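Trainee: Questions regarding the structure given below will be posed in turn.
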Amino acid sequence: MTELARKIVAGVGGADNIVSLMHCATRLRFKLKDESKAQAEVLKKTPGIIMVVESGGQFQVVIGNHVADVFLAVNSVAGLDEKAQQAPENDDKGNLLNRFVYVISGIFTPLIGLMAATGILKGMLALALTFQWTTEQSGTYLILFSASDALFWFFPIILGYTAGKRFGGNPFTAMVIGGALVHPLILTAFENGQKADALGLDFLGIPVTLLNYSSSVIPIIFSAWLCSILERRLNAWLPSAIKNFFTPLLCLMVITPVTFLLVGPLSTWISELIAAGYLWLYQAVPAFAGAVMGGFWQIFVMFGLHWGLVPLCINNFTVLGYDTMIPLLMPAIMAQVGAALGVFLCERDAQKKVVAGSAALTSLFGITEPAVYGVNLPRKYPFVIACISGALGATIIGYAQTKVYSFGLPSIFTFMQTIPSTGIDFTVWASVIGGVIAIGCAFVGTVMLHFITAKRQPAQGAPQEKTPEVITPPEQGGICSPMTGEIVPLIHVADTTFASGLLGKGIAILPSVGEVRSPVAGRIASLFATLHAIGIESDDGVEILIHVGIDTVKLDGKFFSAHVNVGDKVNTGDRLISFDIPAIREAGFDLTTPVLISNSDDFTDVLPHGTAQISAGEPLLSIIR
């Protein structure tokens, strides 16, 4: 992980070129000082990186489901610390759209997983009520519903923190302003203000428009922005001896009243206007809206434009109490699942089959980047078929005007979130039908087109015969075994990062002797600081990664000893690393050791030798050029 982090930091132009870094479910999202210093093409070819996307003012590196681990490694390697998670105070670069997407993604990205979790929990509770497994009066329901509803009820406080960080202000000051919006005294004043004989509320004689700000989104975002501006001015003007407490004091005294008097009513009016406008457009042509959103959603995601729609969805929940956009996106997700399953069925390469299968599984839960970038998009036609299938499914859902009643990532869980308080109705069944059509059409279309293209290839003229150059070990520069032990097929390795082949083709060994010896003549290209992995580049350009054990990076070098340094010249059979097998096993780690060809894409194929047991120095892999 550390080696991948080093390559990523180098690929984005070095630590000094990083302004800020955050991550979502599958991507590292960099804000760079100078994007021209980034080496996108180099990063795209780096094992462990699925894709690189430059969009929305961000340099995005698509990693996959283990992005959180890579984020921590990059943070450590680059020495970013808190800077990695904070936004710059001002971002004046890029066009208006890029700046908008950058701000919105920074505010909502940290909350997406939690919002999805609370949405799923609400859907499960709705399902339980529908089948009468519980009642609204039961303690179990009340406690779990409180957990599912708390995030949105106190949204102004939570968004105060993320918006405060994004705008470069003190996030805790913005949180307090958000807390004022949903304080019990304010909510009580709002309820009393609904009565016919209620007296109005004023601030220093200025009348206050009483509104319910629970679950609101836009007011606190504007307030956090204003607060950050005032805070910077005050920090510049006030003496350092008093600004630590006078700055937040003055911000609260100024911004809180301004929020209640001006920002809150104005932004609430804007929220209602946006919701009414969206509802009018949607109700005018719901089926067409479904076709557009279902067909183009994944394209929006590729370019990072989907972040501009997240506030719209959340605003719909705040103003309308439901959202009609998320149901339209669910078929787009299901279609990517179907296309990936089609590739899984048709693919003959065992490792690529594993990649397609695991990508389809993660897509079911709304994480489509592995399926899009690792499976469907590189093959082109599965991605196109998935977009068309998503449009078909979403057209049906749009026609039925299906709604969801809680926020969540478009996924298999969306079906539960479409259940209204009155129970399962036609709109729920429409979402099921739309999802099934999307996944079914994408699967069938991908399989059919695969067989059609496979039949046409021989008719295009027989290709010229080319005898592949096979490098067999050890005489002709092939790969010898670096260990003595039992051969394990790569697809049986417990870590899917290795098993999927994303880091390169190869084989694994369960060692019986605690030594790693050089499999080739060459030089040491890399040696991890924790000594659990080493990279060797052979004299004829084959790059080999030997990773001793699974998750052994957590040992932090304990039980490992290195006998070489980076840059050393080595011969076949030279001792590279020693390790204590009993101690590592006693610590609870799997010693299965992947031996990978990192630059597998440079060769026609990498073939393991068929043997169950092997000794160090015996033939292990053949490279076909």
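Placed from the backbone N, Cα and C atoms, the Cβ positions cover glycine too.
For reference, Swiss-Prot lists these features for the protein:
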type	residues	note
DOMAIN	1-84	domain 'PTS EIIB type-1'
ACT_SITE	Cys24	active site, phosphocysteine intermediate
TRANSMEM	100-120	transmembrane segment
DOMAIN	102-465	domain 'PTS EIIC type-1'
TRANSMEM	141-161	transmembrane segment
TRANSMEM	167-187	transmembrane segment
TRANSMEM	203-223	transmembrane segment
TRANSMEM	245-265	transmembrane segment
TRANSMEM	285-305	transmembrane segment
TRANSMEM	325-345	transmembrane segment
TRANSMEM	354-374	transmembrane segment
TRANSMEM	381-401	transmembrane segment
TRANSMEM	404-424	transmembrane segment
TRANSMEM	432-452	transmembrane segment
DOMAIN	495-599	domain 'PTS EIIA type-1'
ACT_SITE	His547	active site, tele-phosphohistidine intermediate
Trainee: Taking only same-chain residues 6+ apart in sequence, whose CB is under 8 Å from that of His547 (active site, tele-phosphohistidine intermediate), what do you get?
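Mentor: Listed in sequence order: Phe498, His532, Ala533, Thr593, Pro594, Leu596.
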Trainee: Using a cut-off of under 8 Å between C-beta atoms, tell me which stretch among 141-161, 203-223, 325-345, 354-374 contacts the transmembrane segment (285-305) the most.
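Mentor: Highest pair count goes to 325-345.
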Trainee: Please work out whether the transmembrane segment (404-424) lies in contact with the transmembrane segment (100-120), by counting C-beta pairs under 8 angstroms that are 6 or more apart in sequence and asking whether there are at least 3.
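Mentor: When sequence-distant Cβ pairs are counted, the transmembrane segment (100-120) touches the transmembrane segment (404-424), since at least 3 lie under 8 Å.
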Trainee: Before we move on, state whether the transmembrane segment (141-161) and the transmembrane segment (354-374) share at least 3 Cβ pairs under 8 Å, counting only pairs 6 or more apart in sequence.
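Mentor: Contact between the transmembrane segment (354-374) and the transmembrane segment (141-161): absent, because fewer than 3 Cβ pairs are under 8 Å.
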Trainee: Where DSSP helix means H, G or I and strand means E or B, what are the helix, strand and coil counts for the domain 'PTS EIIA type-1' (495-599)?
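Mentor: Helix, strand and coil residues of the domain 'PTS EIIA type-1' (495-599) number 14 helix, 42 strand, 49 coil.
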Trainee: Report the DSSP secondary-structure composition of the domain 'PTS EIIB type-1' (1-84) as helix, strand and coil residue counts.
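Mentor: So the counts come to 37 helix, 22 strand, 25 coil.
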